[in-house]
Structure formats: C-alpha cells, structure tokens
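Novice: Can you read through this structure? Questions will come right after.
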Amino acid sequence: MAYPMQLGLQDATSPIMEELLHFHDHTLMIVFLISSLVLYIISLMLTTKLTHTSTMDAQEVETIWTILPAIILIMIALPSLRILYMMDEINNPSLTVKTMGHQWYWSYEYTDYEDLSFDSYMIPTSDLKPGELRLLEVDNRVVLPMEMTVRMLISSEDVLHSWAVPSLGLKTDAVPGRLNQTTLMSTRPGLYYGQCSEICGSNHSFMPIVLELVPLKHFEKWSASML
C-alpha cells in the first residue's frame, strides 16, 4: 500500500506489476538521458559565442536526428507491447470472480460456487478500530488464493467505475452493459488496497477495494464458512 510522502510506486506483489516496474525504470532512464542531452545543448547555445550562419543544410545530421528518435521509440514500444500482451493473456484461471460497480460500493460473486456473493461497503470513519485505515477499510474483503491465477470479470450497474489495485498492477474499467476481464496472481499473502479510479459521482472517494490473499487451504476454509 502507499505511505505518506512516498515518491515511488507501490511494491510489486504480482508478476505483471514487477514487469511494469521494470518498464517504468527503463523508460525513465531513456527520458532522463534525452533530457540531460537537451539541457546540455541548450546550455552550450546560451554560453558559446561561436556561430555558423553559412550552413544551409546538413544531410548527415538530418538523417541522424530522424533515425535516432525512431530507434529510441522502438526501444520504448517493444517492451510496452510485450507487457500489454502479457496482461491480455488469460490461460485456464483457477478461480473466477465477477465484480460489479455501484454508486458507491462494489459487489462480488464467486461464479465457481453456487451461492457465494456479497456487497463490499466502506467502513465509516466513526466505526474504525485502532490500526485500521481511513477510507480504505471495507466490511467484506475479497478473499482470494495466492499463487493461483484468478480471473476478474468487471462491469457496472449504473455509471462508469474503475476497479484498481496498484500493488497488483490492476486497473480495469467497469462499463455498464460491458463485461471486461483481467487476471491477477499474487506471489505473497497479505492485504492489498485499491479504490475506484474513475470519477463516478459525489461519493467516488468512498469506494475502496480490499483484497486478502491467503494460502489455498485458508481460502477453502473461508469459502466453506461463507456457503
């Protein structure tokens, strides 16, 4: 989860988020090098007294500054496309959970079970227990097994919402009348917090998401107790 005064991204807890962090660092380094070069050239232009006004064209220079940016763009595009295809690939999920957005709460249905569904509302600040997080705690957490592929089917019953959990690298729009899907797999147990990331009305800020990733045996006990 995020912390006060945090400058970087949240710690990765899924293979996709790890790839996104690597891509972020890769792209940031390219941008840093280009920015440094541009600032260096600008400083030279402002400080040097040398001028060369007789040059009308320079084919070699024009060729270089056409090819070099194209190569840089390819260096950014190829890793990005690789991650996009990884995020879009869904192979034999172990569990499917249907998520519906409402104004202003989430409802979840475990479609592999006959009658396992619930609504998830934010806990008001006045009802929080010591140690609980303001605007992030819910009355019903989404319990999922760790180290297993989980497919999330996401839609909405009223307006546009967006189901997002940053530490897992997840952000999928919930569109009325449309069923979007994404996958998640956590490499370690824990609580992972997210929020609705699409402005959806006056209580948009009060639609938290809490995922509780647990070992499979604990998930089986929880699902049995909910049925």
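Quick reminder: no glycine exception, Cβ is built from N, Cα and C everywhere.
Feature list, courtesy of Swiss-Prot:
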BINDING   HIS161, CYS196, CYS200, MET207  Cu cation A1 binding site
BINDING   CYS196, GLU198, CYS200, HIS204  Cu cation A2 binding site
BINDING   GLU198  Mg(2+) binding site
TOPO_DOM  1-14  topological domain 'Mitochondrial intermembrane'
TOPO_DOM  46-59  topological domain 'Mitochondrial matrix'
TOPO_DOM  88-227  topological domain 'Mitochondrial intermembrane'
TRANSMEM  15-45  transmembrane segment
TRANSMEM  60-87  transmembrane segment
Novice: Measuring Cα to Cα, how many angstrom lie between GLU198 (Cu cation A2 binding site) and HIS161 (Cu cation A1 binding site)?
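Specialist: About 5 Å separates the two Cα atoms.
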Novice: According to DSSP, does HIS204 (Cu cation A2 binding site) sit in a helix, a strand, or coil?
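Specialist: SS state of HIS204 (Cu cation A2 binding site) = helix.
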Novice: Determine which residues of this chain, when CYS196, GLU198, CYS200, HIS204 are set aside, have a Cβ within 8 Å of the centroid of the Cu cation A2 site's Cβ atoms, and list them as they appear in the sequence.
Specialist: GLY101, TRP104, VAL159, LEU160, HIS161, SER162, SER197, ILE199, GLY201, MET207
Novice: State which of the following binding-site residues has the fewest other Cβ atoms within 10 Å around its Cβ: CYS196, CYS200, MET207.
Specialist: CYS200
Novice: Grab the same-chain neighbours of the transmembrane segment (15-45) for me: Cβ-Cβ under 8 Å, and only residues 6 or more beyond its ends, written as numbers and ranges.
Specialist: 9, 72, 75-76, 79-80, 83, 86-87, 167-170, 184-185, 187
Novice: Around the Cu cation A1 site formed by HIS161, CYS196, CYS200, MET207, which additional residues qualify by having Cβ within 8 Å of the site's Cβ center?
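Specialist: Sorted by sequence, the hits are GLY101, GLN103, TRP104, TRP106, SER162, ALA174, GLN195, SER197, GLU198, GLY201, HIS204.
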Novice: Just jot down the residues in the same chain as HIS161 (Cu cation A1 binding site), at least 6 apart in sequence, with C-beta under 8 A of its C-beta; none if empty.
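Specialist: Counting only residues 6 or more apart in sequence, the Cβ neighbours of HIS161 (Cu cation A1 binding site) under 8 Å are GLY101, ASP173, ALA174, CYS196, GLU198, CYS200, MET207.
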Novice: For the topological domain 'Mitochondrial intermembrane' (1-14), what are the same-chain contacts with Cβ under 8 Å, counting residues 6+ beyond its ends?
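Specialist: Contacts with the topological domain 'Mitochondrial intermembrane' (1-14): 20-21, 24, 133, 136, 166-169, 184-188, 190-193, 213.
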Novice: Can you name the residues of this chain that are 6 or more positions from HIS204 (Cu cation A2 binding site) yet have a C-beta less than 8 Å from its C-beta?
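Specialist: Residues satisfying the criterion: TRP104, CYS196, GLU198.
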Novice: According to DSSP, does GLU198 (Cu cation A2 binding site) fall in a helix, a strand, or coil?
Specialist: coil
Novice: Please compute the mean pLDDT of the model over the topological domain 'Mitochondrial matrix' (46-59).
Specialist: 73
